[in-house]
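*Asks:* Below is the structure I would like to discuss, written out as structure tokens.
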Amino acid sequence: MKVTVVGAGAVGATCTDNIARKELAEELILLDIKEGFAEGKAIDMMQTSALLGFDTKIKGVTNDYASTADSNVVVITSGLPRKPGMTREELIGTNAGIVKGVVENILKYSPEAVIIIVSNPMDTMTYLSLKTSGIPKNRIIGMGGALDSSRFKYYLSQELGCSPADLNAMVIGGHGDTTMIPLINHATWNSIPVTQFLSKEQQDNIVAATMVGGATLTKLVGTSAWYAPGAGTASMVESILRDEKKLIPCSVALDGEYGLTDIAIGVPVIIGKNGWEKIIELQLSDEETATFNKSAEAVRAMNSVLTF
Ligand SMILES: NC(=O)c1ccc[n+]([C@@H]2O[C@H](COP(=O)([O-])OP(=O)(O)OC[C@H]3O[C@@H](n4cnc5c(N)ncnc54)[C@H](O)[C@@H]3O)[C@@H](O)[C@H]2O)c1
Ligand SMILES: O=C(O)C[C@H](O)C(=O)O
């Protein structure tokens, strides 16, 4: 198997590192526009292989798309991250042009690849890629829900004093500070509803902390997060390459599901060798449905800024 990661910055390099350590692919290409940057990161990671014992061959390239030919999966992380005080949406002006150009170049050499979009604002970048690439919708997947759900589990585990691995919890909707929807009423601790153990105030605090999880880290670190984003993306690559059929909330094209069309937004999907293979329609309460529709309106408003 062959994977390409575009953007050798914080998220792209971390994702590459995770893929290599798990030996998900034989060949791993890291591409960046900045001269020598991906080459350096790739060599540094390859110099961990004797210590960590992986066989994946990582190669860094500067804008050389021929090297990415015949990739099975391509991860796109190229673009600006936000700074403290910014929203993800403010990145659209720069990142739309970058993502559109990268997708075009990738498809010249890997027309059958499954593409994972990470660059922000992610739902709109996923929509842009769907609209401009013309490839089947199942092969374009936005990464947001994997990360947001893991953050949700972290905050739940802190309050419950339990292992995050014992939790089942999902975040759907847009990947934005005000648009994501942590589904607290569907979350369980080894099948027991978490609401049984948490006061309403605790529940509200966990939901609020999850929604601004990315902004909190951006304020602390000075740029946006990369460890959990890299791991979240690698978990999707794993489900594709190993055809695991994992159920992961991802931003995908809706065609009537959840009563919506012409939008990419976070919903639970099955991830396997063909990309996203099936959308799972949750039974949402009236309140959750209203929140989901409001989230979709905000994502649509952002999409309308695109000029293609
Ligand atoms: N979807 C998510 O959950 C999620 C999570 C974290 C970060 N992000 C987003 O991912 C993106 C990357 O974040 P980061 O922290 O890695 O940023 P970064 O600045 O560390 O890395 C971005 C890299 O992209 C490269 N780049 C820019 N234009 C390029 C082009 N045309 N071709 C190839 N490479 C190009 C840059 O040289 C840089 O190395 C940001 O937009 C950020 O907001 C999304
Ligand atoms: O917060 C950001 O801007 C980056 C990313 O979307 C995240 O949630 O970590």
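These residue numbers are counts, starting from 1, taken along the chain as shown.
Every residue, even glycine, has its Cβ placed from backbone N, Cα and C.
I grabbed these lines from TrEMBL:
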{"type": "DOMAIN", "residues": "1-142", "note": "domain 'Lactate/malate dehydrogenase N-terminal'"}
{"type": "BINDING", "residues": "Gly7, Ala8, Gly9, Ala10, Val11, Gly12, Asp32, Asn95, Val118, Ser119, Asn120", "note": "NAD(+) binding site"}
{"type": "BINDING", "residues": "Arg82, Arg88, Asn120, Arg151", "note": "substrate binding site"}
{"type": "DOMAIN", "residues": "147-300", "note": "domain 'Lactate/malate dehydrogenase C-terminal'"}
{"type": "ACT_SITE", "residues": "His175", "note": "active site, proton acceptor"}
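Situate these features within the shown structure.
*Replies:* Following the DSSP three-state reduction, the secondary structure of Val11 (NAD(+) binding site) is helix.
Cβ neighbour count for Arg151 (substrate binding site): 25 (other Cβ atoms within 10 Å of its Cβ, all protein chains included).
Averaged across the domain 'Lactate/malate dehydrogenase C-terminal' (147-300), the predicted model reaches a pLDDT of 98.
Secondary structure at His175 (active site, proton acceptor), as computed by DSSP, is coil.
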*Asks:* Can you tell me whether DSSP puts Arg88 (substrate binding site) in helix, strand or coil?
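*Replies:* Note: Arg88 (substrate binding site) is helical by DSSP.
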*Asks:* Using a Cβ-Cβ cut-off under 8 angstroms and a sequence gap of six or more, which residues of the chain neighbour Arg82 (substrate binding site)?
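*Replies:* Expected: Arg88, Glu90, Leu91, Asn120, Thr218, Thr223, Ser224.
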*Asks:* Among the binding-site residues Gly9, Val11, Arg82, Arg88, Val118, Asn120, which have a Cβ atom lying under 6 Å from any atom of ligand 2?
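*Replies:* So the answer is Arg82, Arg88, Asn120.
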*Asks:* Can you count helix, strand and coil residues in the domain 'Lactate/malate dehydrogenase N-terminal' (1-142) using DSSP?
*Replies:* 67 helix, 28 strand, 47 coil
*Asks:* Mind giving me a neighbour count for His175 (active site, proton acceptor)? Other Cβ atoms within 10 Å of its Cβ, every protein chain shown.
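*Replies:* The Cβ of His175 (active site, proton acceptor) has 30 Cβ neighbours within 10 Å.
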